[in-house]
Amino acid sequence: MPVIPIDASLAPEVVEFWGKRYREVKEELEELKATCSAKENRAPNGLEGCPPARLEGLLTQLDVHLTSLRKKDRSTMVTKKDDGPLRDALTAALKERDDLRFRNSALEADRAALTSQVQAFMIQAAALATEACNSRMNAVHKQFPPTTFVDKDFQVSPLTLTEPEAFMHSLPSQYTSGTRLYFLPRPPACMPLHVPRSAQPGYWFYPVLLAPGDTHFELIVEGSPGQWTYLGRYVTAGMPGQEMKLSEWMMLDERTKQAHCHRIASHAMEHGQTPTIPAQLEVRRRYDTGEWNVPCYSLQCIGYDLTLYNTLHEVAQATSRRGSIVSEPGMRQDEVSRETSSTPSTVDVPEAVRKRKMQSPMMGENMEADSSLSTNAPTMKKPRLILRDLPVQDQ
(Lines of atoms letter the chains of each structure in order from A and count residues from 1; the text may use other names and numbers.)
(Lines give C-alpha, C1' and ligand atoms only; values in the text may rest on other atoms or scores of the structure.)
Protein backbone atom coordinates (compact mmCIF):
# COMPACT_ATOMS: atom_id res chain seq x y z
CA MET A 1 0.00 0.00 0.00
CA PRO A 2 1.59 3.30 -1.05
CA VAL A 3 2.34 5.87 1.59
CA ILE A 4 1.35 9.50 1.03
CA PRO A 5 3.75 11.79 2.85
CA ILE A 6 2.31 14.73 4.74
CA ASP A 7 4.52 17.76 4.81
CA ALA A 8 3.16 20.77 6.72
CA SER A 9 5.68 23.03 5.06
CA LEU A 10 3.69 22.91 1.77
CA ALA A 11 0.36 24.07 3.25
CA PRO A 12 0.64 27.82 2.37
CA GLU A 13 1.39 27.09 -1.30
CA VAL A 14 -1.51 24.66 -1.57
CA VAL A 15 -3.96 27.08 -0.03
CA GLU A 16 -2.82 29.82 -2.35
CA PHE A 17 -3.10 27.58 -5.42
CA TRP A 18 -6.64 26.44 -4.71
CA GLY A 19 -7.73 29.90 -3.69
CA LYS A 20 -6.59 31.23 -7.05
CA ARG A 21 -8.26 28.35 -8.85
CA TYR A 22 -11.55 29.03 -7.03
CA ARG A 23 -11.58 32.66 -8.09
CA GLU A 24 -10.98 31.69 -11.76
CA VAL A 25 -13.84 29.22 -11.77
CA LYS A 26 -16.16 31.70 -10.10
CA GLU A 27 -15.39 34.33 -12.72
CA GLU A 28 -15.97 31.84 -15.49
CA LEU A 29 -19.34 30.86 -13.96
CA GLU A 30 -20.42 34.50 -13.83
CA GLU A 31 -19.57 34.93 -17.50
CA LEU A 32 -21.61 31.84 -18.43
CA LYS A 33 -24.61 33.14 -16.44
CA ALA A 34 -24.46 36.41 -18.27
CA THR A 35 -24.29 34.71 -21.63
CA CYS A 36 -27.27 32.45 -20.86
CA SER A 37 -29.30 35.39 -19.64
CA ALA A 38 -28.64 37.26 -22.88
CA LYS A 39 -29.77 34.28 -24.97
CA GLU A 40 -32.99 33.93 -22.96
CA ASN A 41 -33.86 37.57 -23.54
CA ARG A 42 -33.19 37.31 -27.29
CA ALA A 43 -36.38 36.93 -29.54
CA PRO A 44 -36.95 33.47 -31.19
CA ASN A 45 -36.25 32.68 -34.87
CA GLY A 46 -33.75 35.43 -35.17
CA LEU A 47 -36.32 38.20 -34.61
CA GLU A 48 -34.11 40.22 -32.31
CA GLY A 49 -34.17 43.78 -33.38
CA CYS A 50 -37.37 43.15 -35.43
CA PRO A 51 -39.69 46.21 -35.71
CA PRO A 52 -42.81 46.03 -33.52
CA ALA A 53 -45.12 46.39 -36.55
CA ARG A 54 -43.70 43.24 -38.11
CA LEU A 55 -44.06 41.37 -34.84
CA GLU A 56 -47.70 42.41 -34.62
CA GLY A 57 -48.30 41.19 -38.19
CA LEU A 58 -46.76 37.84 -37.37
CA LEU A 59 -48.90 37.54 -34.27
CA THR A 60 -52.01 38.32 -36.31
CA GLN A 61 -51.14 35.61 -38.84
CA LEU A 62 -50.62 33.16 -36.00
CA ASP A 63 -54.02 34.02 -34.55
CA VAL A 64 -55.70 33.49 -37.93
CA HIS A 65 -53.93 30.16 -38.38
CA LEU A 66 -54.92 29.01 -34.92
CA THR A 67 -58.54 30.02 -35.57
CA SER A 68 -58.63 27.97 -38.80
CA LEU A 69 -57.15 24.98 -37.01
CA ARG A 70 -59.81 25.23 -34.31
CA LYS A 71 -62.56 25.30 -37.01
CA LYS A 72 -61.09 22.22 -38.67
CA ASP A 73 -60.99 20.44 -35.36
CA ARG A 74 -64.64 21.24 -34.73
CA SER A 75 -65.67 20.06 -38.24
CA THR A 76 -63.66 16.91 -37.74
CA MET A 77 -65.48 16.21 -34.50
CA VAL A 78 -68.85 16.75 -36.21
CA THR A 79 -67.82 14.45 -39.08
CA LYS A 80 -66.80 11.75 -36.66
CA LYS A 81 -70.19 11.99 -35.00
CA ASP A 82 -71.94 11.74 -38.42
CA ASP A 83 -69.79 8.74 -39.44
CA GLY A 84 -71.43 6.53 -36.85
CA PRO A 85 -74.06 4.95 -39.18
CA LEU A 86 -71.51 4.61 -41.96
CA ARG A 87 -69.12 2.87 -39.63
CA ASP A 88 -71.88 0.50 -38.57
CA ALA A 89 -72.72 -0.23 -42.21
CA LEU A 90 -69.04 -0.81 -42.98
CA THR A 91 -68.72 -3.18 -40.05
CA ALA A 92 -71.79 -5.11 -41.19
CA ALA A 93 -70.45 -5.27 -44.78
CA LEU A 94 -67.09 -6.57 -43.58
CA LYS A 95 -68.82 -9.19 -41.48
CA GLU A 96 -70.97 -10.21 -44.43
CA ARG A 97 -67.86 -10.42 -46.60
CA ASP A 98 -66.20 -12.75 -44.12
CA ASP A 99 -69.35 -14.88 -44.00
CA LEU A 100 -69.47 -15.06 -47.79
CA ARG A 101 -65.82 -16.07 -47.92
CA PHE A 102 -66.48 -18.84 -45.46
CA ARG A 103 -69.53 -20.02 -47.38
CA ASN A 104 -67.62 -19.84 -50.66
CA SER A 105 -64.86 -21.99 -49.21
CA ALA A 106 -67.43 -24.52 -48.04
CA LEU A 107 -69.12 -24.51 -51.47
CA GLU A 108 -65.79 -24.96 -53.23
CA ALA A 109 -65.07 -27.96 -51.03
CA ASP A 110 -68.53 -29.38 -51.82
CA ARG A 111 -68.01 -28.73 -55.52
CA ALA A 112 -64.66 -30.52 -55.49
CA ALA A 113 -66.24 -33.48 -53.71
CA LEU A 114 -69.17 -33.57 -56.14
CA THR A 115 -66.83 -33.29 -59.12
CA SER A 116 -64.86 -36.24 -57.84
CA GLN A 117 -68.07 -38.22 -57.40
CA VAL A 118 -69.28 -37.32 -60.90
CA GLN A 119 -65.94 -38.34 -62.40
CA ALA A 120 -66.07 -41.66 -60.58
CA PHE A 121 -69.68 -42.08 -61.72
CA MET A 122 -68.78 -41.36 -65.35
CA ILE A 123 -65.88 -43.81 -65.18
CA GLN A 124 -68.26 -46.48 -63.92
CA ALA A 125 -70.82 -45.58 -66.59
CA ALA A 126 -68.14 -45.81 -69.29
CA ALA A 127 -67.11 -49.23 -68.00
CA LEU A 128 -70.75 -50.39 -68.00
CA ALA A 129 -71.24 -49.01 -71.52
CA THR A 130 -68.17 -50.89 -72.74
CA GLU A 131 -69.41 -54.05 -71.07
CA ALA A 132 -72.85 -53.64 -72.69
CA CYS A 133 -71.26 -53.09 -76.10
CA ASN A 134 -69.08 -56.18 -75.75
CA SER A 135 -72.03 -58.25 -74.59
CA ARG A 136 -74.12 -57.09 -77.55
CA MET A 137 -71.30 -57.82 -80.00
CA ASN A 138 -70.97 -61.32 -78.52
CA ALA A 139 -74.68 -61.85 -79.12
CA VAL A 140 -74.26 -60.63 -82.72
CA HIS A 141 -71.32 -62.97 -83.32
CA LYS A 142 -73.29 -65.90 -81.91
CA GLN A 143 -76.14 -65.15 -84.29
CA PHE A 144 -73.96 -64.22 -87.29
CA PRO A 145 -70.52 -65.87 -87.43
CA PRO A 146 -67.66 -63.90 -88.99
CA THR A 147 -67.72 -63.81 -92.80
CA THR A 148 -65.02 -64.49 -95.37
CA PHE A 149 -66.23 -62.30 -98.21
CA VAL A 150 -62.92 -60.44 -98.27
CA ASP A 151 -59.43 -61.46 -97.22
CA LYS A 152 -58.24 -60.46 -93.79
CA ASP A 153 -55.38 -58.56 -95.43
CA PHE A 154 -57.75 -56.53 -97.59
CA GLN A 155 -57.24 -52.82 -96.82
CA VAL A 156 -60.37 -50.74 -97.32
CA SER A 157 -59.70 -47.19 -98.49
CA PRO A 158 -62.23 -44.51 -97.55
CA LEU A 159 -63.90 -42.27 -100.13
CA THR A 160 -63.27 -38.55 -99.91
CA LEU A 161 -66.49 -36.81 -100.92
CA THR A 162 -66.40 -33.04 -101.01
CA GLU A 163 -69.51 -32.84 -103.22
CA PRO A 164 -71.86 -35.68 -102.21
CA GLU A 165 -74.76 -34.69 -104.45
CA ALA A 166 -72.49 -34.44 -107.49
CA PHE A 167 -71.10 -37.83 -106.55
CA MET A 168 -74.58 -39.36 -106.43
CA HIS A 169 -75.53 -37.97 -109.83
CA SER A 170 -72.29 -39.32 -111.30
CA LEU A 171 -72.89 -42.94 -110.29
CA PRO A 172 -73.61 -45.35 -113.15
CA SER A 173 -77.29 -46.04 -113.79
CA GLN A 174 -77.14 -49.64 -112.51
CA TYR A 175 -76.28 -48.29 -109.05
CA THR A 176 -78.94 -45.58 -109.02
CA SER A 177 -81.87 -47.64 -110.28
CA GLY A 178 -81.47 -51.26 -109.16
CA THR A 179 -78.91 -51.22 -106.35
CA ARG A 180 -79.95 -49.99 -102.92
CA LEU A 181 -77.29 -47.72 -101.51
CA TYR A 182 -77.49 -46.59 -97.89
CA PHE A 183 -75.18 -43.71 -97.02
CA LEU A 184 -75.08 -43.31 -93.24
CA PRO A 185 -73.55 -40.03 -91.97
CA ARG A 186 -71.67 -39.72 -88.71
CA PRO A 187 -73.31 -38.57 -85.48
CA PRO A 188 -75.09 -36.40 -84.52
CA ALA A 189 -77.06 -36.83 -87.76
CA CYS A 190 -77.53 -40.52 -86.89
CA MET A 191 -77.06 -42.76 -83.89
CA PRO A 192 -73.76 -44.67 -83.61
CA LEU A 193 -73.10 -47.77 -85.66
CA HIS A 194 -70.93 -50.64 -84.41
CA VAL A 195 -69.19 -52.78 -87.03
CA PRO A 196 -65.67 -54.03 -86.26
CA ARG A 197 -64.56 -53.85 -89.92
CA SER A 198 -65.83 -54.15 -93.47
CA ALA A 199 -67.83 -57.24 -94.47
CA GLN A 200 -68.46 -58.23 -90.85
CA PRO A 201 -71.69 -58.30 -88.81
CA GLY A 202 -72.54 -55.64 -86.29
CA TYR A 203 -75.44 -53.53 -85.09
CA TRP A 204 -76.82 -50.01 -85.12
CA PHE A 205 -79.36 -48.04 -83.10
CA TYR A 206 -82.64 -46.81 -84.54
CA PRO A 207 -81.60 -46.16 -88.17
CA VAL A 208 -83.19 -43.22 -89.94
CA LEU A 209 -84.72 -45.51 -92.57
CA LEU A 210 -85.39 -49.17 -91.95
CA ALA A 211 -85.81 -51.73 -94.70
CA PRO A 212 -87.86 -54.90 -94.36
CA GLY A 213 -85.95 -57.86 -92.98
CA ASP A 214 -85.55 -59.53 -96.38
CA THR A 215 -84.30 -56.41 -98.18
CA HIS A 216 -80.56 -56.05 -98.62
CA PHE A 217 -78.68 -52.82 -99.17
CA GLU A 218 -75.12 -51.64 -99.71
CA LEU A 219 -73.98 -49.83 -96.57
CA ILE A 220 -71.59 -46.88 -96.82
CA VAL A 221 -70.81 -44.99 -93.63
CA GLU A 222 -69.00 -41.77 -92.81
CA GLY A 223 -66.00 -42.24 -90.52
CA SER A 224 -63.88 -39.13 -90.28
CA PRO A 225 -65.57 -35.98 -91.61
CA GLY A 226 -65.93 -36.30 -95.36
CA GLN A 227 -64.47 -39.84 -95.35
CA TRP A 228 -66.91 -42.57 -96.39
CA THR A 229 -66.25 -46.32 -96.23
CA TYR A 230 -68.07 -49.07 -98.07
CA LEU A 231 -68.78 -51.80 -95.48
CA GLY A 232 -70.62 -54.34 -97.62
CA ARG A 233 -74.08 -55.72 -98.38
CA TYR A 234 -76.30 -56.02 -95.33
CA VAL A 235 -79.74 -56.94 -94.08
CA THR A 236 -81.07 -55.61 -90.77
CA ALA A 237 -83.50 -56.88 -88.18
CA GLY A 238 -84.56 -55.96 -84.66
CA MET A 239 -82.70 -57.31 -81.64
CA PRO A 240 -85.20 -57.64 -78.78
CA GLY A 241 -83.58 -57.40 -75.38
CA GLN A 242 -80.50 -55.64 -76.75
CA GLU A 243 -81.74 -52.06 -76.49
CA MET A 244 -79.30 -49.30 -75.65
CA LYS A 245 -78.44 -49.32 -71.95
CA LEU A 246 -78.73 -46.22 -69.82
CA SER A 247 -74.94 -46.15 -69.41
CA GLU A 248 -74.54 -46.13 -73.20
CA TRP A 249 -77.06 -43.31 -73.50
CA MET A 250 -75.09 -41.32 -70.94
CA MET A 251 -71.90 -41.76 -72.97
CA LEU A 252 -73.48 -40.22 -76.07
CA ASP A 253 -72.56 -36.61 -76.73
CA GLU A 254 -75.20 -33.96 -76.13
CA ARG A 255 -75.72 -33.14 -79.80
CA THR A 256 -76.52 -36.74 -80.69
CA LYS A 257 -78.99 -36.99 -77.81
CA GLN A 258 -80.54 -33.72 -78.86
CA ALA A 259 -80.93 -34.81 -82.48
CA HIS A 260 -82.45 -38.14 -81.49
CA CYS A 261 -84.94 -36.56 -79.07
CA HIS A 262 -85.91 -34.03 -81.72
CA ARG A 263 -86.43 -36.86 -84.18
CA ILE A 264 -88.59 -38.89 -81.76
CA ALA A 265 -90.63 -35.83 -80.80
CA SER A 266 -91.21 -35.10 -84.51
CA HIS A 267 -93.05 -38.42 -84.95
CA ALA A 268 -96.06 -36.98 -83.13
CA MET A 269 -96.12 -33.83 -85.26
CA GLU A 270 -97.71 -33.16 -88.60
CA HIS A 271 -95.42 -33.22 -91.58
CA GLY A 272 -93.30 -30.09 -91.73
CA GLN A 273 -94.00 -29.01 -88.15
CA THR A 274 -91.29 -28.60 -85.56
CA PRO A 275 -91.70 -30.20 -82.12
CA THR A 276 -91.97 -27.86 -79.19
CA ILE A 277 -89.34 -27.51 -76.50
CA PRO A 278 -91.54 -29.18 -73.81
CA ALA A 279 -92.09 -32.14 -76.15
CA GLN A 280 -88.35 -32.52 -76.68
CA LEU A 281 -87.67 -32.18 -72.95
CA GLU A 282 -90.25 -34.83 -72.16
CA VAL A 283 -88.62 -37.23 -74.61
CA ARG A 284 -85.23 -36.43 -73.15
CA ARG A 285 -86.50 -37.03 -69.61
CA ARG A 286 -87.80 -40.46 -70.55
CA TYR A 287 -84.44 -41.46 -72.00
CA ASP A 288 -82.40 -39.94 -69.18
CA THR A 289 -84.39 -41.82 -66.54
CA GLY A 290 -84.28 -45.12 -68.42
CA GLU A 291 -88.04 -45.14 -69.00
CA TRP A 292 -87.38 -45.41 -72.71
CA ASN A 293 -84.54 -47.24 -74.45
CA VAL A 294 -83.22 -46.77 -77.97
CA PRO A 295 -84.00 -49.94 -80.00
CA CYS A 296 -81.14 -51.91 -81.49
CA TYR A 297 -81.02 -53.59 -84.90
CA SER A 298 -78.60 -56.20 -86.14
CA LEU A 299 -76.51 -55.80 -89.26
CA GLN A 300 -75.90 -59.12 -91.03
CA CYS A 301 -73.35 -58.96 -93.81
CA ILE A 302 -74.39 -61.13 -96.76
CA GLY A 303 -71.80 -60.06 -99.30
CA TYR A 304 -69.20 -57.59 -100.48
CA ASP A 305 -69.35 -56.11 -103.98
CA LEU A 306 -65.77 -55.38 -105.06
CA THR A 307 -67.05 -53.98 -108.35
CA LEU A 308 -69.15 -51.45 -106.46
CA TYR A 309 -66.17 -50.68 -104.21
CA ASN A 310 -63.96 -49.89 -107.23
CA THR A 311 -66.75 -47.94 -108.96
CA LEU A 312 -67.31 -45.75 -105.89
CA HIS A 313 -63.63 -44.85 -105.78
CA GLU A 314 -63.47 -44.12 -109.50
CA VAL A 315 -66.52 -41.85 -109.38
CA ALA A 316 -65.19 -40.10 -106.26
CA GLN A 317 -61.87 -39.40 -107.95
CA ALA A 318 -63.60 -38.15 -111.12
CA THR A 319 -65.90 -35.90 -109.10
CA SER A 320 -62.95 -34.53 -107.14
CA ARG A 321 -61.04 -33.78 -110.37
CA ARG A 322 -64.02 -31.91 -111.84
CA GLY A 323 -64.40 -29.93 -108.64
CA SER A 324 -60.77 -28.91 -108.74
CA ILE A 325 -61.08 -27.93 -112.41
CA VAL A 326 -64.11 -25.72 -111.76
CA SER A 327 -62.36 -24.10 -108.84
CA GLU A 328 -59.31 -23.12 -110.92
CA PRO A 329 -59.28 -19.31 -111.26
CA GLY A 330 -59.60 -17.84 -114.74
CA MET A 331 -61.04 -20.96 -116.44
CA ARG A 332 -64.01 -20.28 -118.71
CA GLN A 333 -67.17 -22.37 -118.58
CA ASP A 334 -66.64 -23.75 -122.12
CA GLU A 335 -63.18 -24.96 -121.04
CA VAL A 336 -64.73 -26.67 -118.05
CA SER A 337 -67.30 -28.32 -120.30
CA ARG A 338 -64.58 -29.69 -122.61
CA GLU A 339 -62.58 -30.93 -119.64
CA THR A 340 -65.58 -32.74 -118.16
CA SER A 341 -67.25 -34.00 -121.34
CA SER A 342 -65.71 -37.48 -120.93
CA THR A 343 -67.61 -38.12 -117.65
CA PRO A 344 -71.33 -38.01 -116.76
CA SER A 345 -72.74 -34.59 -116.05
CA THR A 346 -73.15 -33.57 -112.45
CA VAL A 347 -75.13 -31.01 -110.47
CA ASP A 348 -72.98 -28.34 -108.88
CA VAL A 349 -73.76 -28.11 -105.17
CA PRO A 350 -72.04 -26.28 -102.32
CA GLU A 351 -69.47 -28.17 -100.32
CA ALA A 352 -71.51 -30.34 -97.97
CA VAL A 353 -68.78 -31.58 -95.72
CA ARG A 354 -68.32 -29.47 -92.62
CA LYS A 355 -65.38 -29.92 -90.30
CA ARG A 356 -66.67 -31.26 -87.01
CA LYS A 357 -64.65 -32.49 -84.05
CA MET A 358 -66.27 -35.89 -83.66
CA GLN A 359 -65.17 -39.51 -83.60
CA SER A 360 -66.17 -42.18 -86.07
CA PRO A 361 -69.74 -43.50 -85.72
CA MET A 362 -68.42 -46.91 -86.72
CA MET A 363 -66.94 -47.29 -83.27
CA GLY A 364 -69.69 -45.44 -81.43
CA GLU A 365 -67.35 -42.93 -79.82
CA ASN A 366 -68.39 -39.68 -78.19
CA MET A 367 -68.26 -36.29 -79.84
CA GLU A 368 -68.07 -32.69 -78.72
CA ALA A 369 -70.97 -31.74 -76.47
CA ASP A 370 -73.49 -28.99 -77.05
CA SER A 371 -75.99 -28.78 -74.22
CA SER A 372 -78.59 -26.66 -76.05
CA LEU A 373 -82.02 -28.16 -76.61
CA SER A 374 -84.45 -26.03 -78.58
CA THR A 375 -86.58 -25.91 -81.66
CA ASN A 376 -83.40 -25.21 -83.56
CA ALA A 377 -82.10 -28.66 -82.66
CA PRO A 378 -80.68 -30.69 -85.54
CA THR A 379 -83.70 -32.06 -87.33
CA MET A 380 -83.94 -35.54 -88.59
CA LYS A 381 -81.32 -34.20 -90.94
CA LYS A 382 -81.57 -36.67 -93.76
CA PRO A 383 -78.21 -38.21 -94.51
CA ARG A 384 -76.49 -36.19 -97.13
CA LEU A 385 -76.31 -39.31 -99.30
CA ILE A 386 -79.26 -41.40 -98.26
CA LEU A 387 -80.87 -44.66 -99.24
CA ARG A 388 -81.47 -44.93 -102.97
CA ASP A 389 -84.41 -47.11 -104.07
CA LEU A 390 -84.83 -48.67 -100.63
CA PRO A 391 -88.40 -49.33 -99.39
CA VAL A 392 -89.08 -47.69 -96.05
CA GLN A 393 -90.68 -49.60 -93.20
CA ASP A 394 -92.46 -47.87 -90.32
CA GLN A 395 -90.56 -48.23 -87.07
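One-based numbering along the chain as shown.
Backbone N, Cα and C define each Cβ position, glycine as well.
Curation does not apply to TrEMBL; its annotations are automatic.
Taken straight from TrEMBL:
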- 15-42: coiled coil (COILED)
- 166-314: domain 'DUF6697' (DOMAIN)
- 322-395: region 'Disordered' (REGION)
- 369-378: compositional bias 'Polar residues' (COMPBIAS)
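As a summary of secondary structure, the domain 'DUF6697' (166-314) carries 50 helix, 36 strand, 63 coil according to DSSP. Summarising model confidence by region, the coiled coil (15-42) averages a pLDDT of 80.
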